[in-house]
Amino acid sequence: MSYKVEPLPDSYAGLGEGPHWDVARQSLYYVDLEAGSLLRYDFGQNKVYKAKIEGETLAGFVLPEFAVGCGRRVVIVNWDGVSTSAKVVRTLFEVQPLMDKNRLNDAKADPRGRFFGGTMRYIGDEFEFRHGELYRWEAGGQTSVKSYDYDFDTGVATNPKVVFNLRKNSPKDHLLPDGLTIDTEGNLYVATFNGATIFKINPNTGKILLEIKFPTKQITSAAFGGPNLDILYVTTAAKFDQPAPAGTTYKVTGLNATGFPGVNLKCHECRSKSTEELSDIYVMNLSLCSNVQVVKECNGNFDDPQKLNLEQVKMRLRKTVERRQDYLKSKNADVSPEAQELYRAIAKQYGYNEVSWQGLNIQILNEVTISPPYRVDNVVSSSNNETSCNYIKRIPIAMEDVQKHSVHTLIFRSLKRTHDLFVSNQGNLPEIDDRLEKLRRSIKAKDSYGLVLDKAVKIGEARRGSGAQMPGDKPLAITDGTTDSSASGAGSLVKYNPGGGRIMEKTAPLVTGSHTSLVRASLPNSAGEKGAGANGTTSNLQLIPKKAPTIPKPKWHAPWKLSRVISGHLGWVRCIAVEPGNEWFATGAGDRVIKIWDLASGKLKLSLTGHVSTVRGVAVSSKHPYLFSCGEDRQVKCWDLEYNKVIRHYHGHLSAVYSLALHPTIDVLATSGRDSTARIWDMRTKANVHTLTGHTNTVASVVAQATNPQIITGSHDSTVRLWDLAAGKSVCTLTNHKKSVRSIVLHPSLYMFASASPDNIKQWRCPEGNFVQNISGHTAIVNCMAANNDGVLVSGGDNGTMFFWDWRTGYNFQRFQAPVQPGSMDSEAGIFAMCFDQSGTRLITAEADKTIKVYKEDDEASEESHPVNWRPELLKRRKF
C-alpha cells in the first residue's frame, strides 16, 4: 500500500494529544497538553488556530463542544475557534480527588455521547507508577469501568481481553502504546510513543497489517477526518528535547480506509430548580404484608419533563432498601415472599426491570426510562390480610427516550436504508410511458423550433391549397429529373451507359406524378435527345463539389534568445509591468519590495516598500503617474510616482490578492484573489463599485479591455467568466477547461484572448467567447502567457519551460528550458510572470530563481537556418 505522510502548516504542539474530527465544522481539534492550549485545524483554509485556556496549565483532551480535561477535572470551555484565548465556563466533574499526582490523559465519547476517559500518573515517573483508572460519565453521574465488551444502549462494558501485545510484537525498550482509533472495517490504528510508528492491527487475529512510519519518534494519538473521513490525522510530542520536526501534527493519505465521524460529548443541563427534587424518591411506612397495592402519585407540577438523574435515583433506592434490611435484621426475620414481590414492584416502578435476591440483599440490574403522567395501577397481589401499605410517592421526572444523533449519522443511515431497499432493482430501467414520451417530445420540439413552427404550418397549408406535392407525401429518390412516364406511368431509376445514351432500368415504379429527386442529375445526352422541354425538366444542373478544408500555414518567426539576466530581489519574482513610455518596468517579489528597473540598461532605479507580504501584481497607469500593486497581505495600493509613496488603499478583499488590471479608457481598477471574487474599484474615490461573484475557487487572473467583455477572469475552478462591467454580472461562463485556469492574455490587436491551464491553452473570440482552437503541447502548470502584435504567443511553466507559439495556427516554433541562475537549485526553475515591452521586441520574465530575464529575437536567424517544420494536423481544431 502506498501512503503519504505530510505535515500540517504551523501545527506545532509540545505535547499534542486528543485529536477529534468535528464533522459539522470540518475541523480537527487537538490540544497542547503541557501548555494548556486548544488547537483547531481548518480543512477548508488549511490553517491552524491556537488558543490558551485562561487559568489552566494542562489540557489532556478536547471533545466539542467543548469539554476539556484540565488536570483531574473535566471542564466546559467557551472558544469561538479563532481567537487566541478560551475561558472555562464550569466544571462537569472531577475524578480521583485524593490522588493529586494524577491527571486525565485521554478521552472519547461513545455513539450515545457518554464520556469514557482514563487517568495516569503526572508527577514523578509516569511509566513506573501505574495508578491509572478508566472512567465512564454521562449527564447525571460517573462510573468506573473495568470491562470492554460494550453495549451502546446501556453503556455497560464487560469481558476484557487483550487483542494486541506491543511487547510481544515489537520488543523494543521504551516502546509504549498511546492513542488509537478505528476504521469502518474494524481495524485499529495504534500510536507508539518512542516508536515513530502507527500500527494498523486486525483485532480479531492480532496481526499487524501495516506499519505507518513518521519522521519523529513520539507518536501520541490519531483520528480519522477530512470531508470523506479518509485522512488519518496524527499528533506527536517533543518531550525530552526531541529535535524538529517533533511536535508537528501530520496527515496520512492513501490508506484506502475511512473512519467514523467524531461524536461530541452530551452534557445536558437539568432545568429543575432544586437538585434535591430530582432524587426525592422514598418509601413511607411499608408493611411486610400479603395484601399489597403499589400506588404512584404526582408530587408537584412542572412545565417541562425533567431528565431523570439515574445515579441519584439508584442511590436513594439503595438507601431505602438498606433501611428495610436493618429493620428486618432487628426483627430477626427473613424477607417474606410477599415482601420480595413488593420490592420487585417498587424496583419496576422506578425503572429497574431485573431484581435478584441473595438473602436480604437486593440487586438492581437494569435501567429504563420513566415518563409522566403517573396513575394508580399495578395491583401486585391480594389476600385476606388486613394489613395494607401506604403510598409510594415520587416526582414526575422523565428521561429522553429517543437517542439524538448528528445530522451526518442520520443522513448516512437514511442513505443506507434507501440503498438496501433499491439495490435489487439497480439494473432495471422503468417502463416507458408512451403518453409521457409523446409529451416530452412535443415540449422539446416547441422549445427548439417554437419560433418557426407557425411558419412551417402556414407553408404546409399553402401547398395543400395549391395542390402541390407535400414533402412527406411520397418517398424521395435520386432520379434523372424527367417527368416522362413509362408504360406503367411511373418514373424509373436511370443507369449511365459508358457507350452513350441511357438505359432504362427495368425496375418497379417508385413514384408517380412529378419527380421527387433530391438533386437533379446531369447525365450525357444521346444524339437523339435535344434540349430541355418546355418545363425545363432536363436542365444540366451540375452537382457542386464541397470545397476541401484548408489549414493555414504558420507564419515564420525568428527564434528568441536570452539577452540579459537582472538580479536584485531576495525572493521569488511574481509580477511584471512595463511603463507605457517603454523606458522602465516594475517588478514585485516575495521579498515584499517593488523595484523599478531601466529597460535599456537593466539597472535598478528605485525600490518601493510598503507591503507586508508577497507582491503578486503590479500595473502602471497610461493616463496618470500612478503605479498600482496588490499582494498576499490583502492590500491593494496606489503609488504616486512623483512622490514615490502610497496615496490610496483599496480595502475589501478577504484574502490574498493575486492579480490586478487597469481599464484602458476609464479610471477603473480590477483586482482578483483567493476569496473567489473579482472587485471593481473607482480609482479616485476608492469605492468598491462591483464585487463580481460566481467563481467557486481562487480567481488567479483578471484582464480588462475597452470593448465588451470589458472584464475577463480565470479561476482555479476551471472556468473563465466574461463580465458586463456596467451591470456587474457574468454574461458568459466558459467551462471547457478541465483544470485550474491560471493565466489569461488579450491579443494586442485582434479581438481575441487566450486562457491557459495544464490541460490546454485555448483561444477564444470576443465578444461572446466563441471557442477558436486548442493549443496543446505545454505539459506543465502554465503560470503565465504573453502575446505581441507579430502573432507570437509565449507560455511559461512552473517547471521553467517556455513555449513559443504562432497565434494563428498554434504552431510551436520554439521551446526551451529557462537557464537557472548559478547557485540556485534546479527546483527553482519556475516562471511566474512574463510580458512584452511596448514594442513587442523584448520579452521580460519573472522567475523562481529570484532573477528577471530579458529575451530578444535572434537577429542572425533566417527562414533557411530555422525553417518552419510544419506538419498539418487534420484534427487540430477540436470542438471543445
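In case you wondered, yes, glycine gets a Cβ from its N, Cα and C as well.
Unlike curated entries, TrEMBL annotations are predicted automatically.
The feature active site, proton donor/acceptor is assigned by TrEMBL to Asp178.
Feature annotation from TrEMBL assigns divalent metal cation binding site to Glu17, Asp178. Spatially close to Glu17 (divalent metal cation binding site) yet at least six residues away along the chain are Tyr30, Val31, Leu33, Gly60, Phe61, Asn105, Asp106, Gly179, Thr220, Ser221, Thr235, Ala237, judged by Cβ distances under 8 angstroms.
Here TrEMBL flags Arg103, Asn105 as substrate binding site.
Annotation comment: TrEMBL describes 306-404 as domain 'AD'.
Among the features that TrEMBL reports, repeat 'WD' is placed at 566-607 (among others). Note on the repeat 'WD' (566-607): mean pLDDT across this stretch is 96.
Taken from TrEMBL, the feature repeat 'WD' covers 608-649 (among others). Within its own chain, the repeat 'WD' (608-649) has Cβ neighbours under 8 Å at 571-572, 574-580, 586-590, 592-596, 655-662, 664, 667, 669, 671, 673, 681, 683, 686, counting only residues six or more beyond its boundaries.
TrEMBL lists 650-691 (among others) with the feature repeat 'WD'. Sequence-distant contacts of the repeat 'WD' (650-691), counting only residues of its own chain at least 6 positions beyond either end whose CB sits under 8 Å from a CB of the stretch, comprise 613, 616-619, 621-624, 626, 628-638, 697-706, 710-711, 713, 715, 717, 723, 725, 728.
Annotation source TrEMBL lists repeat 'WD' at 692-733 (among others).
The feature repeat 'WD' is assigned by TrEMBL to 775-815 (among others).
If one looks beyond the repeat 'WD' (692-733) by at least 6 residues along the same chain, the residues whose Cβ comes under 8 Å of a Cβ in the stretch are 658-665, 668, 670-674, 676-680, 739-746, 751, 753, 755, 757, 764, 766-769. Note: the repeat 'WD' (692-733) comprises 0 helix, 22 strand, 20 coil (DSSP; helix = H, G, I, strand = E, B).
Counting in whole angstrom, Asp178 (active site, proton donor/acceptor) lies 15 from Arg103 (substrate binding site) by their C-alpha atoms. Helix first, then strand, then coil: DSSP counts for the repeat 'WD' (650-691) stand at 0 helix, 21 strand, 21 coil.
Taking the Cβ of Asp178 (active site, proton donor/acceptor) as centre and 10 Å as the limit, one finds 21 other Cβ atoms among all the protein chains shown.
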